[in-house]
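Novice: Pasting the relevant annotations from TrEMBL:
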| type | residues | note |
| --- | --- | --- |
| TRANSMEM | 87-106 | transmembrane segment |
| TRANSMEM | 126-145 | transmembrane segment |
| TRANSMEM | 157-175 | transmembrane segment |
| TRANSMEM | 211-228 | transmembrane segment |
| TRANSMEM | 240-263 | transmembrane segment |
Amino acid sequence: MALRKTRAGRTSSIVLPRGGGQQQLRHMATTLHGSIFWKSQGILLGANFLGYLLSGVSSYHYHVDLLGTGAFAAVAAFTFRRSPVSSLAVMLWSIKLASFLLFRVVHHGGRDSRLNDTLADPVSASGFWIISWLWGVLVSLPHCLGAASVTARSNAWQNAGLVLFAVGWMMETVADYQKWMFKQQYASSTVPYCNVGLWSWSQHPNWCGNLLLWFGIWMMNAPCLIAPQAKHIVAKYGRLLLSCLGPLFLFALFHGQATGWILPSALEATKQKYGYGTDSEYTNYVNRTPLLFPWV
């Protein structure tokens, strides 16, 4: 119980929630108002703002994925002492993917043709980097919230999440490698659709791997985002529910692109390019091969 003064100078009592109410308020404050969480967000914002500035002074795209994807590694390095296993997982993914995407840009002369018009215009470039920043904020929520939490972790959940992360990381890596090697066999204007290796099991195995690895990172952090002593459902599960935005956002993004709900013109252009409806082999591939998960 605490006392407060009223305007009339009298005192009245405030009854704090029972069952560790003060402790849970302190936990929530540590997570959502503590320096660990907000400094992590500042790193993401700073990296993407730097990317926007570089896009304004250079027509090359070397910096795009180094900053957009590499920002995750910077956040993970900052939070490593607080959450070493989750941080190591984020760094392994970020460094691997940023390096691959940089290699791909270098291979194409330092430019990504899909971004030429977007990054050449200041307004369009600002929209691109704002989206990149929001993507980073949402996807990294499980890790950033977990790193700021003072609640104990679960070794069982952390180990299970690590296994799922490893499966997803390998799936994304192998899928990217297989598609890259497949494309090297053809001239750039004659590359057919990729249906070898993992791509024969899923139309987007790299996205599937990305979903699995980030769900694994969510699993590593989920138990420490629950306040077991709290009585109110928001205080008890609020941070956990907030962290779910990360994997849910990724699923909506990938599933939306795969089904044409997001960027329908891009999906239609892909189908037209490879002859959906006219090429029987490609049509059968699209109709029979799962969009994301090979087992669905």
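Cβ coordinates are placed from backbone N, Cα and C, and glycine is handled just like the others.
Remember, it's a predicted structure, so these values are computed and weren't measured experimentally.
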Novice: Out of 126-145, 157-175, 211-228, 240-263, which stretch touches the transmembrane segment (87-106) the most, going by CB pairs under 8 Å?
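Specialist: Between the stretches 126-145, 157-175, 211-228, 240-263, 157-175 has the largest tally.
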Novice: With pairs restricted to those 6 or more apart in sequence, evaluate whether the transmembrane segment (157-175) and the transmembrane segment (126-145) have 3+ C-beta pairs under 8 Å.
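Specialist: The transmembrane segment (126-145) and the transmembrane segment (157-175): touching, no.
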